[in-house]
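Quick one: the structure is below, and I'll ask about it shortly.
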């Protein structure tokens, strides 16, 4: 079986991770102690992708929980699914990174990283045929951003041929937790561009919007936001966890989604977005799902794909769906909105089907898009970064941990390069290349 090892780092990562495990335990018929009491053979068939089987019909998540302070871990352990995880897989420090990327990446985090790698190695050795790693973290803080990216690069060194998928919570434009978010995020993106294979960008503000606009929650809690993220994570990994007609895995997703190795930052969406209690009142159809899935309001990152073009995108449908209907709808979307898809990648929409819907729904769909509009997100962080870096504001927190200003400059220019690469492919057309070919034979006439 193709196993995935899951890492969660920092406060944000651990809370999203906990929500994710809660969601998929439910889908696989496990209770909060990991004991199987499901009804369907299909739940067991690929259980081993995320769970190790222990004695007595108990399943243990293949998860490594990392933080530089004990607080969040204790909360996870005390939470409803705290008894699910293997106690040895909690790795935590005492000091905290204090939202300082340098602490997470170079000082505090670097002291803890070998301990984490031992646990990762142990989990990897228990695998039959390891497919890759997934990591949940935020890019604005210290531990998730700094230590998360450190772990990614260390794992990359040790397992160079395995997939690395990250679910990264990007700082949002209006909702900010700390003043140094732009620094931490820029330094993290600098690492992710090089070391991750696929990064799913999630953004608190977009999640807030979805909760308020679509789910009509007047003051959403982080629990509600994490519930949305876990729905997407569960959707992206459905194909790996259940048999289906058209399966895809992390590597297939990457092959279909990443036209150029650096451009692997995806927007994600989920449909049907209904509040937790309302879904039982109406039937969902494939056309509705498709329409909702391609709706900018459903995107979990604060950038509007109407300002860019899709290089590629992938739709994962779950439930009793007719293959033909899905194909027709997807073709329909591409024909109607052809201006939003680049024309030099034919067939750039990939679909996958899985016959088992999420709990409480008849059918659902998860959307993953590689759109050039994601550059808005990097531009925004870049502008905030420049505004502070120009004045060298707050830099002493980083240089004090042994960082160099050069590193900041490098990270900044790497992110600017990323933005201009996206822009370049957004503007590229088919006709430009044809002109080049016509001009080539000219010198022979002389």
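Positions of Cβ are set from backbone N, Cα and C atoms, glycine also.
Keep in mind the model is a prediction, meaning the values are calculated, not measured.
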Please pick, from 37, 195, 204, 256, the residue that Swiss-Prot records in the GTP site together with 11, 69, 138, 142, 143, 144, 226.
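So the GTP site in Swiss-Prot includes 11, 69, 138, 142, 143, 144, 226 plus, from the candidates 37, 195, 204, 256, 204.
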Suppose you had to name the range Swiss-Prot annotates as region 'Disordered'; which of 399-422, 423-446 would you pick?
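From Swiss-Prot, the annotated region 'Disordered' range turns out to be 423-446.
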Tell me which residues of the chain lie with their Cβ under 8 angstroms from that of residue 142 (GTP binding site), as long as they are six or more apart in sequence?
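When sequence neighbours closer than 6 are ignored, residue 142 (GTP binding site) has 10, 68, 96, 97, 98, 99, 100, 101, 103, 104, 184 within Cβ distance under 8 Å.
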Quick check on the binding-site residues: of 138, 143, 226, whose CB has the lowest count of neighbouring CB atoms inside 10 Å?
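Counting other Cβ atoms within 10 Å of each of the binding-site residues 138, 143, 226, the minimum falls on 226.
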Show which residues of the chain containing residue 204 (GTP binding site), separated from it by at least 6 in sequence, have their CB under 8 Å from its CB.
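The list for residue 204 (GTP binding site) reads 169, 172, 175, 225, given in order along the sequence.
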Going along the chain, which residues six or more apart from residue 69 (GTP binding site) have their CB under 8 A from its CB?
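Those within reach of residue 69 (GTP binding site), by Cβ under 8 Å and sequence separation of 6 or more, are 92, 93, 94, 95, 96, 97, 143.
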